[in-house]
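**Student:** One structure coming up, written as C-alpha cells, with questions to follow.
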Amino acid sequence: MEAQAQGLLETEPLQGRDGDAVGSADFSSMLSEEEKEELKAELIQLEDEITTLRQVLSAKERHLVEIKQKLGMNLMNELKQNFSRSWHDMQTTTAYKKTHETLSHAGQKATAAFNNVGTAISKKFGDMRYSIRHSISMPAMRNSSTFKSFEERVETTVASLKTKVGGTNHGGGSFEEVLNSTAHASSQNASAGSRQTKDEELQC
C-alpha cells in the first residue's frame, strides 16, 4: 500500500510538467506561420527599443554628471543635501515634535532642580558662617575655662601695676573695669613722667 502511494507521489510532478509542455506545444501549434513571423518581428523591435532606451538613459546620466560638476555639486554635497532634507522632514513629523517637547520639559525640570540645590547649599554655608561668628561672640565663650584663666591673669597683672603706680582700688573688678583702670593708670604714669622731665630741665 505504501509503495503504491509513493509511486503516485512520484508520478504526479512528472504529469504536471508534461501538462505544461503539452500546453506550450498546444499554444504554439495554434499559431499560424504568419502570426509567428509577426510575433518574432515584434520581439526584435522591443529588444531594439529597450537597447535604445538604455543608451539614452546612459547618455542622460553622463550629461547629468557633467552639469553637476560644472555647478560644483559633488557626491559629498549631494549627501549633505539629502541628509539636510531628511533631517528637516523628520523634524516636521509629529513624533519628533512630541519627543522634542518632552525632552525640553525634562531639561527645564532638571535645571530648576539644580538651581534649587545650589541655593540650598549656599544658604547652608551662610548659616554655618553666621553660626561660627555668633558662637565666637557668645557669652558662653567668655565663661570658658581658657578665657577665665586669661582674665584672671590680666586682672592680677593690672592689680600689681596699680599697686606700684599708687592706685587705691585693690579689689579687682570685672575684666572691662580692669582694662579701663589700666588705661587710666598708664596715662597718669605718662603724665607724671613728663612733669618730672620738665622739672629736671628747669633745674638744669
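First residue shown is number 1, and so on along the chain.
Every residue gets a Cβ built from N, Cα and C, even glycine.
Take a look at what Swiss-Prot says about it:
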COILED    22-73  coiled coil
COMPBIAS  179-195  compositional bias 'Polar residues'
MOD_RES   Ser29  phosphoserine
MOD_RES   Ser86  phosphoserine
MOD_RES   Ser122  phosphoserine
MOD_RES   Ser131  phosphoserine
MOD_RES   Arg133  omega-N-methylarginine
MOD_RES   Thr146  phosphothreonine
MOD_RES   Ser149  phosphoserine
MOD_RES   Ser174  phosphoserine
REGION    1-31  region 'Disordered'
REGION    164-204  region 'Disordered'
**Student:** If you average per-residue pLDDT over the coiled coil (22-73), what number do you get?
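**Tutor:** Averaging the confidence scores along the coiled coil (22-73) gives 86.
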**Student:** Rank the modified residues Ser29, Ser149 by the number of other Cβ atoms within 10 Å of each Cβ and report the first-ranked residue.
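**Tutor:** Comparing the modified residues Ser29, Ser149, the most crowded Cβ belongs to Ser149.
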**Student:** Quick one: Cα separation, Ser86 (phosphoserine) versus Ser29 (phosphoserine), in Å?
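**Tutor:** One finds 57 Å between the Cα atoms of these residues.
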**Student:** Show which residues of the chain containing Ser122 (phosphoserine), separated from it by at least 6 in sequence, have their CB under 8 Å from its CB.
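**Tutor:** Result: none.
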**Student:** How big is the Cα-to-Cα gap, in Å, between Ser149 (phosphoserine) and Ser29 (phosphoserine)?
**Tutor:** 136
